[in-house]
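Report on the structure given below.
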Amino acid sequence: MTHDNKLQVEAIKCGTVIDHIPAQVGFKLLSLFKLTETDQRITIGLNLPSGEMGRKDLIKIENTFLTDEQVNQLALYAPQATVNRIDNYDVVGKSRPSLPERINNVLVCPNSNCISHAEPVSSSFAVKKRANDIALKCKYCEKEFSHNVVLAN
């Protein structure tokens, strides 16, 4: 909220609000998670001021709720995100993503020789937490990559 307590992005009556997305990550989430493949209204706030983060992105999707799996898959991109369930303009549920064991149907394998590029299969990566990194192992070629390599793909 601004100092005069006005919302910078209009409130929604029912749906999902993904808040505290790192700045410049909102559009990537929209495309990777196919959040725009709906006829419901989507409101996007980019580079909004944030006391905690300096700047943040925000996504509001009316009449749509994320599954627990979708919420947890956000952890790679927005580990500090808050996912709010809204009903009748009130927050009725709040969750934070936690790193899942697998990420399916979202990422693309960076190995150009991987069979997932030539065959009609859904992507699938095992998530492995390392000391200072997160590694992703492709189900098909079994190669392991730093999450930054896969995310840049």
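Note that Cβ sites are derived from N, Cα and C of the backbone, with glycine treated the same way.
Annotated Zn(2+) binding site per Swiss-Prot: CYS109, CYS114, CYS138, CYS141, in sequence order.
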Among the binding-site residues CYS114, CYS138, CYS141, point out the residue whose Cβ has the most other Cβ atoms within 10 Å, with all shown protein chains included in the count.
CYS138
In the same chain, which residues outside the set CYS109, CYS114, CYS138, CYS141 have their CB within 8 A of the centroid of the CB atoms that define the Zn(2+) site?
PRO110, ASN111, ASN113, ILE115, SER116, HIS117, LYS139, TYR140, GLU142, LYS143
Assigned conformation of CYS114 (Zn(2+) binding site) - DSSP reduced to three states:
coil
Going by DSSP, is CYS138 (Zn(2+) binding site) part of a helix, a strand, or coil?
strand
Which residues of the same chain, at least 6 positions away in sequence, have a Cβ lying under 8 Å from the Cβ of CYS109 (Zn(2+) binding site)?
SER116, HIS117, SER123, PHE125, CYS138, TYR140, CYS141, LYS143, VAL150, ASN153
